[in-house]
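Features as listed in TrEMBL:
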type     : residues : note
TRANSMEM : 88-110   : transmembrane segment
TRANSMEM : 130-147  : transmembrane segment
TRANSMEM : 154-175  : transmembrane segment
TRANSMEM : 187-204  : transmembrane segment
TRANSMEM : 216-236  : transmembrane segment
TRANSMEM : 242-262  : transmembrane segment
TRANSMEM : 323-345  : transmembrane segment
TRANSMEM : 357-382  : transmembrane segment
TRANSMEM : 403-424  : transmembrane segment
TRANSMEM : 430-452  : transmembrane segment
TRANSMEM : 459-479  : transmembrane segment
TRANSMEM : 491-509  : transmembrane segment
Amino acid sequence: MSLSDKLTYTDSTGSQSNLKETLDFNSYYEENAGRLIINPEEARIELGDGVASRLKLTKDGKKVLWPQPTDSPLDPQNWTEREKTIHLLILILVSIVPDFESGLGIAALFPLARQFNTNVNVINNVTSNWSIFLIGIGGIFAVMAMRKFGRLPVLFWTQLLGLAFLIGCTFAPNLSTFAAMRCLNSFFATTPQVTGLFVVTDLYPFHQQAKKINSWTLGFIISPFLSPFACGFLAARQSWRWVYATGCFYSLSVLILMALFMKETMYDRTLKPVPEPETKGLRNRVETLVGITGWKMAKYRAPWKRIVTDPVRIVWRPHVLPVLIFEAAIFGFGIGINVTNAVFLGEPLPLGYGFDAIIISALYATPIVAVLIGEVVGHFLNDWIMERGIRKNSGVHEAESRFWACYLGVPLFICGFLVIGASFQNHLPLAAIIMGWAIAEFSIMIMTVVVADLLYGEVSALVTLARILGGFAVAYYQVPWAAKYGAIQTYGVEAAIVSGLFLLFIPLIQLKGASFRKRYSL
């Protein structure tokens, strides 16, 4: 039965009515995000001429716009390309903040151990691992606040608090204070990583979202490597406090850009009518930034009970939970590489290479270049997969078609991890480490974009939490495991886990995803 047939019902008088003539496009988009009609001709077949004639299309008339823009200039879908691009660029810069600040601990790992009279494993266990864990937890609360009060004020206040706690890290007199400040910084600074998917989907129609999400994803995937690369050279010559001061300067810079140029992108298009702002001009900008506008709009939005319970209601569903577990393994083991490679490279023989801070910092250019290449490839690959899927499916996009990129990503993931493991165990030349690390990060970039495209909006916090739960504990066991049994076994088992999860979940979701969505979606 087509959707056109389903949109007819019999009322209490026994007469038939056609829901197609009164179809709410905004509700339709939210309820059918996993299956969207992109081709206008297919829309006529499924929705009927009456509805199809009211659909807004791209300028060339070849694609249906989802979500359907309103006629209001306040609708972010109607903003100019210049405004949208500025927002996306600032969003990428601010999305770098959480993991950039987390990665400062890698650059300062050995100096911190000397400062507080301990070893690098204690520094990782007490500060790095728990701060990484709180990045995931903070994202859940950030999404709850954003759904109630808007994107911009939550982003602004959390980044301001994150900056305050990073300043606390910079001047911490002892390890306990440093650990507390670092954990609090991570809890608040994480917000951009769950804001990005919201903002991209607020600004851009569906057919443009894959490329824009790919660009945004570049920011937070590359960010953990930027700080070890850039600040490692600084840590080799100056106090570790200057490393954290650098993070403070960067965070302050993006906070200023956010306050000056970003606007609220949350537009309550499902409300009839959409409430107009009570103020205009500079006053409206200030009130929106600090949350006064969001506080006034909160009464129109979902109640707190629903906001708080939605993550629990969503997470168990068969088209969501397997994807979260898969992403937890992919990105989690990637976090493990980032945190522990500095240990393997810096520890003396026989465990590590015994390199100094300069060489270690230079090697962190490897994942940066790999992620940039992944951005270029993914920019075209994901779009090509989407367009091909739409053509094969009679002009309809099915969300599960994006998983074809994983058939490229998983073999590369296995190859990269095995090369890294062999390099560390057998002390192969630096070229082997660089090659394995680059291949692994390239694959992570490709597959993370797939998950981000598939599970967007409110689910973004669960994606972030899954990544963190999969990775925060890796540093606890990876180095001791490799020291006892060899790095090939360590990295080989991690690659095997990802392979097993891929075989277990991805083909099943591709086959049954549509029926899962139909039966289990909220």
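Just so you know, the numbers here start at 1 and follow the chain as drawn.
From the backbone N, Cα and C atoms, a Cβ is placed for every residue, glycine too.
Since this is a predicted model, take the numbers as computed values, not measurements.
Listed by sequence, the residues of this chain that lie at least six past the ends of the transmembrane segment (154-175) yet keep a Cβ under 8 A from its Cβ atoms are 94, 97-98, 101, 116, 118, 126-127, 138, 142, 145-146, 181-182, 184-185, 188-192, 195, 241, 244-245, 247-248, 251-252, 254-255, 258-259, 262, 289-291, 294. Within the chain carrying the transmembrane segment (459-479), a Cβ under 8 angstroms from the stretch's Cβ atoms is held by residues 121, 124-125, 128-130, 132-133, 135-137, 139-140, 142-143, 190, 193-194, 196-198, 311, 314-315, 320, 324-325, 327-336, 339-340, 343-344, 351, 451-452, 490, all 6 or more beyond its ends. Contact between the transmembrane segment (216-236) and the transmembrane segment (403-424) is absent: fewer than three CB pairs lie under 8 Å, with pairs separated by 6 or more positions in sequence. Here the listed stretches are 88-110, 187-204, 323-345, 403-424, 430-452, and the one with the most C-beta pairs under 8 angstroms to the transmembrane segment (130-147) is 187-204.
With a threshold of 8 Å between CB atoms, the same-chain residues lying at least 6 positions outside the transmembrane segment (357-382) that come near it are 107, 110, 210-211, 214-215, 217-218, 221-222, 225-226, 228-233, 235-236, 337-338, 341-342, 345-346, 402, 405, 408, 430, 433-434, 437-446, 449-450, 453. Most Cβ pairs within less than 8 Å of the transmembrane segment (430-452), among stretches 242-262, 323-345, 403-424, 491-509, belong to 403-424.
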